[in-house]
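**Q** This is the structure I have questions about; it appears just below.
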Amino acid sequence: MTNNISHNQKATEKVEAQNNNNITRKRRGAISSEPLGDKPATPLPNIPKTVETQQRLEQALSNNIMFSHLEEEERNVVFLAMVEVLYKAGDIIIKQGDEGDLFYVIDSGICDIYVCQNGGSPTLVMEVFEGGSFGELALIYGSPRAATVIARTDVRLWALNGATYRRILMDQTIKKRKLYEEFLEKVSILRHIDKYERVSLADALEPVNFQDGEVIVRQGDPGDRFYIIVEGKVVVTQETVPGDHSTSHVVSELHPSDYFGEIALLTDRPRAATVTSIGYTKCVELDRQRFNRLCGPIDQMLRRNMETYNQFLNRPPSSPNLTSQKS
């Protein structure tokens, strides 16, 4: 096995130099982040990719635990931040025991992964082909490399460092938090919660997607969660005679920032109407158990403003609580 250390160092330095122009590095192993105030953040790396390359990266990362939870917009930011690195056959890309924070996706070529145990000879444990990846633990942990990776053939890789990965997650988290806080401010039943509680709820909202024609909530069913529309639209229908579909009529149509089902945080009443997705719809949801864990029972919170509490508590069960209530 050839050990072309100088080439390996130059390639690694190329990746780190391009990323470090955009990210302030702290001491090794520390997580760097931008201030959460209004100061503009330093731009992330933005390296255009061909459609074919983007598709290969998408396929490579779709089943990777470090990326599978990201939404499409977040993955696209990751793709743009990845830097091209070239290695010759025989080059050592990663050396077991070394520190490193680079994650790689193979665009072309083959790599071999070796592990030495108890000071013994290196053992080939895996072959990684085009579309494969390695080094993902370096994105979040500062621990030494667990294996050695050697290029069997000339390889073309796309690399991402841990600081960039964490920065992307931080930027997206802050962006979502601000958006969700704005949504929550419009929910009448939550209007009187304080800033800390609103931030906690914004962080607790879970994304959920629905396809065209999919029923999100059904009239008469029990419910324990409420929804805010992030993207797309839904139609709200109600049966004048519950169970008689012929009496169903449209109550309203809801759009991004509208919400429905908020009374589920307060009572166990059956759903008063049916909500159906029109086209693809992206929502965020919050259930009563998660709400109570973060903020305590909502009835106690509403008692801060008895007028609001009585308004929701005394609402007739037949009154749909699924229409938007923008302030």
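Using the three backbone atoms N, Cα and C, a Cβ is placed for every residue, glycine included.
Worth saying up front: this structure is predicted, and the values here are computed from it rather than measured.
Pasting the relevant annotations from Swiss-Prot:
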type: REGION; residues: 1-65; note: region 'Dimerization and phosphorylation'
type: REGION; residues: 1-47; note: region 'Disordered'
type: MOTIF; residues: 27-31; note: motif 'Pseudophosphorylation motif'
type: MOD_RES; residues: Ser32; note: phosphoserine
type: BINDING; residues: 66-188; note: 3',5'-cyclic AMP 1 binding site
type: BINDING; residues: 189-327; note: 3',5'-cyclic AMP 2 binding site
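A description of the local structural setting of each listed feature is requested, covering burial, neighbours and distances.
**A** Met66 (3',5'-cyclic AMP 1 binding site) carries neither a helix nor a strand DSSP state and counts as coil.
Arg225 (3',5'-cyclic AMP 2 binding site) falls within a strand segment according to DSSP.
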**Q** Measuring C-alpha to C-alpha, could you say which of the binding-site residues Ile189, Pro207, Gly243, Gly279 are within 10 Å of Lys178 (3',5'-cyclic AMP 1 binding site)?
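**A** Close binding-site residues: none.
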**Q** Measuring Cα to Cα, how many Å separate Tyr114 (3',5'-cyclic AMP 1 binding site) from Pro207 (3',5'-cyclic AMP 2 binding site)?
**A** 39
**Q** Could you check which of the binding-site residues Met66, Met82, Asp98, Glu130 is the closest Cα neighbour of Arg225 (3',5'-cyclic AMP 2 binding site)?
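**A** Spatially nearest to Arg225 (3',5'-cyclic AMP 2 binding site) by Cα position is Met66.
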**Q** Non-local Cβ contacts of Pro207 (3',5'-cyclic AMP 2 binding site) (under 8 Å, 6 or more apart, same chain)?
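**A** Set apart from Pro207 (3',5'-cyclic AMP 2 binding site) by at least 6 residues yet with Cβ under 8 Å, we have Glu71, Val230, Lys282, Cys283, Val284.
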**Q** Could you tell me which of these binding-site residues, Asp98, Glu130, has the greatest number of Cβ atoms within 10 Å of its own Cβ?
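**A** For the binding-site residues Asp98, Glu130, the Cβ with the most other Cβ atoms within 10 Å is Glu130.
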